[in-house]
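Chemist: Attaching a single structure in structure tokens format; questions to follow.
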Amino acid sequence: MEWSEVEVHTTNEAVEPVANVLTEFGAAGVSIEDVADFLREREDKFGEIYALRREDYPEDGVIIKAYFLKTTEFVEQIPEIEQTLKNLSTFDIPLGNFQFVVNDVDDEEWATAWKKYYHPVQITDRITIVPSWESYTPSANEIIIELDPGMAFGTGTHPTTQLCIRALSDYLQPGDEVIDVGTGSGVLSIASAKLGAKSILATDLDEIATRAAEENITLNKTEHIITVKQNNLLQDINKTDVDIVVANILAEVILLFPEDVYRALKPGGIFIASGIIEDKAKVVEEALKKAGLVIEKMEQQGDWVAIISKRGVE
């Protein structure tokens, strides 16, 4: 088989939106080369340091590589893919020194290239995300989430995902009922299940995302707790007594449904909203307040913000 590699040079803030666009166009795998990953401390709790090479990383920004079967349909779609990526700037997503290049690669190269950039990520002192092909020995009481990031719908390495998992770790109580809006890889649903949630509804509008979520949920043996549904946000979801709603999606999308979140939550229920670029945080905060939610706190990692709000006790 012939494969094409789409290489995009952009900013860290644009990683997840760009990766999601590429996957929606049919990418079979995505790798992310971020110089910040090389520069930050990579020592784990066993004193091991991952052997990463500086030459594998860009001088600045992020390089995202996506792999497509080189079909006639793909070749015809190349201009549309490039334009869709450029259009992300209309959502105030900074693309930086945007570059878009298409190369041919052999079958073996695309299948393994991205694996060297993805290693276990310790999110909290309790939760670690581990790629499915790596052997990892957890410590006592450590929660392990296994992911195959080939579909690139949230690998746990992005700040927005980490902010959500930390908030879930802080607020989720055993026996809680959770809705995960825009589930992507299913990582937040899996984290919720392993933190003790009784039942979780994971929704995503994208069919590819729901398939990726189902595969990862099965990998983590949490399918008896998590139900995956292809759905547009909370549309036609009639739950009204939910403990936690979590959404790791763009601010512009969060603004579409705060009233629906309020209706879904029970009194005292928590809404964890991430995927919010710093410049949009105030707008989202005001929309949540207008819907009747009370802001509990805001957490920030880099340029990304998570807002934790609550439905008041009536």
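Numbering starts at 1 and runs along the chain as displayed.
Just so it is clear, glycine is given a Cβ too, placed from its N, Cα and C backbone atoms.
From Swiss-Prot, here are the annotated features:
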| type | residues | note |
| --- | --- | --- |
| BINDING | T161, G182, D204, N248 | S-adenosyl-L-methionine binding site |
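What's the neighbourhood like for each of these?
Modeler: Around N248 (S-adenosyl-L-methionine binding site), a 10 Å sphere centred on its CB holds 28 further CB atoms from the protein chains shown. Under DSSP, N248 (S-adenosyl-L-methionine binding site) is assigned to a strand (E or B) in the three-state scheme.
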Chemist: Around D204 (S-adenosyl-L-methionine binding site), how many other C-beta atoms are within 10 angstroms of its C-beta?
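Modeler: Neighbour count, Cβ to Cβ under the 10 Å cut-off: 26.
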